[in-house]
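> Dropping a structure here in structure tokens format, bear with me for questions.
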Amino acid sequence: MTETDLITVGENTDDTELTNAVTTDTPDVKATAATVSLGSLSTMVLPELRALANQAGVKGTSGMRKSELIAAIEECRGQANGTSVNDGPSRDHGGSATAISTEALAAQEEQNYAIVEVSRRERRGASREADVTAGTSTAEATESDCQGTADDDTRTLQGGQSDTKTEERGPDVGNDQGVEQQSSSLQPRGDDDGEGRQGRRGRRFRDRDRRRRGERSGDGAEAELRQDDVVQPVAGILDVLDNYAFVRTSGYLAGPHDVYVSMSMVRKNGLRRGDAVTGAVRVPREGEQGHQRQKFNPLVRLDSINGGSVEDAKKRPEFGKLTPLYPNQRLRLETTPDRLTTRVIDLIMPIGKGQRALIVSPPKAGKTTILQDIANAITRNNLECHLMVVLVDERPEEVTDMQRSVKGEVIASTFDRPPSDHTSVAELAIERAKRLVEQGKDVVVLLDSITRLGRAYNNASPASGRILSGGVDSTALYPPKRFLGAARNIEEGGSLTIIATAMVETGSTGDMVIFEEFKGTGNAELKLDRKIAERRVFPAVDVNPSGTRKDELLLSPDEFGIVHKLRRVLSGLDSHQAIDLLMSQLRKTKTNYEFLVQVSKTTPGSMDDD
């Protein structure tokens, strides 16, 4: 049975009464159709017109519109009037008979119109009562009945189906604007068939649509919590998008158990993207699980923000308004005598809190191993720092290795995931780091790699039409630069240090374009050499081009003078000889302090000799 049949069956009772009323005491059906005036026909609903047309002998009424049915009935009226005119002389024997016939026709017309009005009022009252007492689904069925006055029955039925499908689909908060447009386009467009009826029905529909939009849109009110509700605690990272927000409960990627947060709650409590929030959601009652309108469970209570109270979070400063400075507090990476990687970095490229460093590496030069050594050194020597390792477009086995070898927060999106996941993970991770810096904490972010992040933005972002060499869109270069530019030392307290890897010599013109964009943004650079790595010498550091800007702020005056003499000696050698000499001398000492003392005693000249 189709939906058209259901609509027709739902109105059979009224249509039968109407048909019986119209055809009572009228031997000629066509004459009865003729007695109904044009005004009466325009006030009838579509099923009533079809029933009247069928009684009048009109065929094919199921596919006719309202205007076509009225025209067909008018044609039958004309035929009936013609018959009456032709038969008039034989039956009309006087003025009294004509007057009686006219009065009878007028009385019959008034009776038909009264019956139609009573039937319509009864059905309207039943619809209004059902709309008040029944749920949303009953209200939609009543709306389909009331829409019988629309010009196009097929279009009305399709609109009802679309509205029903939208209701069943639930409040997809990712498409709020589309839902609102669809809801507004499904407004009933009926004729004014009663004084005040259109206004009452319009207000009823507007109120219902307003409730729907309030439930579905991101600007909706907060979910109310009743006393008898059972709540369940939740915690996660807040991800604020355009018109809605979610608490990511399973990490930094979207998951099926994420919690929806209304925009009113976000604005009311001053929430920001990257906040670590705790709260509660309402547990669905028995039998309510299958009838939930919302795809995600909403947050009904907010307990804490970043481990503190909600009121304290409203008073925190904004990251963009904090004053950045050059790094002036050093991060010591030296750990054990046999861990030469961190010892070389301390000598060649000292790192401070708030540093923006790039590890420029060709493939298979050991950049991932260097990142692991740096991460372990930070967690061992700098316990006050919060470590975050962000792996973008990385191999799954390297993610597992990093998670097991690093005592820190590892955030990863493997290469088998879409580019949009890479960009989402990186953006949410850097926003989380900013929120920690706003609290005055020192954060260290290790990114592998900035080149792959640029590729992901190039593939995920819409084309702007300005394509650079290598197929790189010009708009895809700004988001990775914004990520790297977040590193800074804050004057008011706290710092954000970013150490990112950049790939070169990959044979890709696009990778070279991305690297050239970031080349001048960092204030420290560690360059790896593939030829040194092919000789199985690790770390494969090219000493001469590596270094740190303003390194005198990180080193003591005595240490700065000795390091300066060391760099002058190594600059006279090629890259292979320089790293070999440095590694051989480091193996002879247990600490960098001993090595620098030895250099000061054995190296002739000073930084002032020229």
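Using N, Cα and C of the backbone, Cβ positions are placed for all residues, glycine too.
Sharing the features that Swiss-Prot gives for it:
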| type | residues | note |
| --- | --- | --- |
| BINDING | Gly352, Lys353, Gly354, Gln355, Arg356, Ala357, Lys364, Ala365, Gly366, Lys367, Thr368, Thr369, Arg395 | ATP binding site |
| COMPBIAS | 118-131 | compositional bias 'Basic and acidic residues' |
| COMPBIAS | 178-187 | compositional bias 'Polar residues' |
| COMPBIAS | 189-198 | compositional bias 'Basic and acidic residues' |
| COMPBIAS | 199-214 | compositional bias 'Basic residues' |
| COMPBIAS | 215-227 | compositional bias 'Basic and acidic residues' |
| DOMAIN | 231-309 | domain 'Rho RNA-BD' |
| REGION | 117-227 | region 'Disordered' |
> Where's the emptiest Cβ shell within 10 Å among the binding-site residues Gly352, Gly354?
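It is Gly352 that, of the binding-site residues Gly352, Gly354, has the fewest other Cβ atoms within 10 Å.
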> What does DSSP assign Thr368 (ATP binding site), in three states?
helix
> Using Cβ atoms only, which residues of the same chain lie under 8 Å from Arg356 (ATP binding site) while being at least 6 residues apart in sequence?
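Correct list: Leu484, Gly485, Ala487, Arg488, Thr497, Ile498, Thr521, Gly522, Asn523, Ala524.
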> Could you give the mean pLDDT over the domain 'Rho RNA-BD' (231-309), rounded to a whole number?
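Within the domain 'Rho RNA-BD' (231-309), the model's average pLDDT equals 87.
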> Please work out the number of neighbouring Cβ atoms within 10 Å of the Cβ of Thr368 (ATP binding site), leaving out its own Cβ.
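There are 20 of them.
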> Rounded to whole angstrom, what's the largest C-alpha distance between any two of Gly352, Lys353, Gly354, Gln355, Arg356, Ala357, Lys364, Ala365, Gly366, Lys367, Thr368, Thr369, Arg395, listed as binding ATP?
30
> Using DSSP with the three-state reduction, classify Gly354 (ATP binding site) as helix, strand or coil.
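In the DSSP reduction, Gly354 (ATP binding site) maps to coil.
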> Helix, strand or coil: which one is Arg395 (ATP binding site) in, per DSSP?
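For Arg395 (ATP binding site) - judged by DSSP and reduced to three states - the answer is coil.
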> For a quick check of packing: other C-beta atoms within 10 Å of the C-beta of Lys364 (ATP binding site), how many?
12
> For the domain 'Rho RNA-BD' (231-309), what does DSSP give as the number of helix, strand and coil residues?
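Final tally across the stretch: 10 helix, 33 strand, 36 coil.
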